[in-house]
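Swiss-Prot feature annotations, pasted as is:
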type    : residues     : note
BINDING : His62, His91 : heme b binding site
DOMAIN  : 1-145        : domain 'Globin'
MOD_RES : Thr11        : phosphothreonine
MOD_RES : Lys58        : N6-acetyllysine
MOD_RES : Lys81        : N6-acetyllysine
MOD_RES : Cys92        : S-nitrosocysteine
Amino acid sequence: MLTAEEKAAVTGFWGKVNVDVVGAEALGRLLVVYPWTQRFFEHFGDLSSAGAVMGNPKVKAHGKRVLDAFSEGLKHLDDLKGAFAELSELHCNKLHVDPENFRLLGNVLVVVLARNFGGEFTPLVQADFQKVVAGVANALAHRYH
């Protein structure tokens, strides 16, 4: 559970995030750093190298879509399970995504935020975001239990 101060820090910081850029980089990095996650995206075309993944327009578009959903979830920090219920159902029952991938993506997102915002992404802001991405990963994994 986040305090009111932590919620304000996360939502305030998120307003600075370009979801197109950060989403593309986060999903691309996930697919490069954890190549076994590529099996869910084989229909995206060329994922044969880091350069191919990072430049792939389908990866970029889906990364934006992922962060659009994350952005929507930030509006419901007190009910992440409710906010992500439909996506949890989809990823569990239809797509059969390993729920560990949600945790991996959350951690990659934190890395990308740190890379893009440098000193502005302070240890305290990181701590707040780590709580949020853990909560989102838990919410997305909810239908698996």
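For all residues, glycine too, the Cβ spot is worked out from N, Cα and C.
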Using a 10 Å radius around its CB, how many other CB atoms surround Lys58 (N6-acetyllysine)?
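The Cβ of Lys58 (N6-acetyllysine) has 14 Cβ neighbours within 10 Å.
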How big is the Cα-to-Cα gap, in Å, between the residue listed as 'phosphothreonine' and Lys81 (N6-acetyllysine)?
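Here the two Cα atoms lie 18 Å apart.
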Within the domain 'Globin' (1-145), how many residues are helix, strand or coil going by DSSP?
118 helix, 0 strand, 27 coil
Given the recorded positions His62, Lys81, which one is most crowded in terms of C-beta atoms within 10 angstroms?
His62
Give the distance between the Cα atoms of Lys81 (N6-acetyllysine) and Lys58 (N6-acetyllysine), rounded to the nearest whole Å.
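So the alpha carbons of Lys81 (N6-acetyllysine) and Lys58 (N6-acetyllysine) sit roughly 27 Å from each other.
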Mean pLDDT across the domain 'Globin' (1-145), rounded to an integer, is what?
88
